[in-house]
Amino acid sequence: MACFQYIVAALCFAVVLEGSLSKAQLTPTFYDGTCPNVTAIIRQVLVNASFSDPRIGASLIRLHFHDCFVQGCDASILLDDPVNGEKEAIPNNNSARGYEVIDAMKAALESACPNTVSCADILAIASEQSVSTLAGGPSWAVPVGRRDGFTANRTLANSNLPGFNNTLDRLKDRFSNVGLNTSIDLVALSGAHTFGRAQCLTFTSRLYNFTGVGDTDPTLNTTYLEELRQICPQGGNSSVLTNLDPTTPDGFDNNYFTNLQVNRGLLRSDQNLFSTEGADTIEIVNRFSSNQTAFFESFVESMIRMGNISPLTGTEGEIRSNCRAVNSATIRSNSDAALVSSI
């Protein structure tokens, strides 16, 4: 019954969003006539991948986040581009992952429904399935109908993606830049850190050299500090992984917020939601900590709102046959246009 409520709420919320953040007419029924099994196909690839990679769900939702925050939800993060590719941007390089699983989803969909489902929509659907199917979180009807972009933007990825050491003001700035709410959207979407892992390099400054004088972050629980020092010794391997949520690391629940209340947020950016004096985010953390249903409902609404950031629709963009590259016909068309303009 709870899942049904989230789905109905998502359908209603999608209607409300039409004409707000997005000019698009995204709808959960977009593929009903052209690829009715799209979600089932994506789910099967995802579940198969999770057997050997238990953190793939968190990785895929992060790809969706990092895609939408740069040029909108256009699958630009998936493009292999040695010059402008977002994969090599500082927030993504040697960090963002799951591309091979997206490739497998795309291949399965091309076999079942050729030239139909966009890579941008695969990211959105895979994110919902990662939360609901793999991690036991809420389920929602994903508005779809996005098309894929032609370009990546490494410069914008470097400047506009939220960072693990960001102050609360910087986080709010990043969310405001893409039209998201700087309180409820920020806290709800940060709650995705209730599952997944992070590398030592993302938080070791909090353990050993917080302000550059060999000190520790005063907002870090002292017991948790010692636990993290055992996992990430000073001068050790910076790529070692630890759980973002030490309580229920693979489940999607509200323990992320309970952790913040006792100074057990792993990343500085997470803890800042609760430990920044006078912040409007503190009340929301407290509410989500005491009411998981409230968190789930807000998370679904915020995910749909994020998924509506500047999508390409209609005749804009294309449906890539390979998520890593624009279609060859597009490359020829662009080259021809450039030639004509130079004559």
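Yeah, the Cβs are placed from backbone N, Cα and C, and that goes for glycine too.
Taken from TrEMBL, the feature signal peptide applies to 1-18.
For the domain 'Plant heme peroxidase family profile' (25-327), the mean pLDDT of the prediction comes to 97. Among the features that TrEMBL reports, domain 'Plant heme peroxidase family profile' is placed at 25-327.
Its Cβ taken as reference, Arg62 (site 'Transition state stabilizer') is surrounded by 22 other Cβ atoms within 10 Å in the chains shown. Annotated site 'Transition state stabilizer' per TrEMBL: Arg62, in sequence order.
The feature substrate binding site is assigned by TrEMBL to Pro162.
According to TrEMBL, the heme b binding site annotation covers His193.
Taking a C-beta cut-off of under 8 angstroms and a sequence separation of 6 or more, Asp245 (Ca(2+) 2 binding site) has the following same-chain neighbours: His193, Thr194, Phe195, Gly251, Asn255, Tyr256, Asn259, Leu266. Per TrEMBL, Ca(2+) 2 binding site is recorded for Thr194, Asp245, Thr248, Asp253.
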For Ca(2+) 2, residues beyond Thr194, Asp245, Thr248, Asp253 with C-beta within 8 angstroms of the site's Cβ centre include exactly Phe195, Thr247, Pro249, Gly251, Phe252, Asn254, Asn255, Tyr256
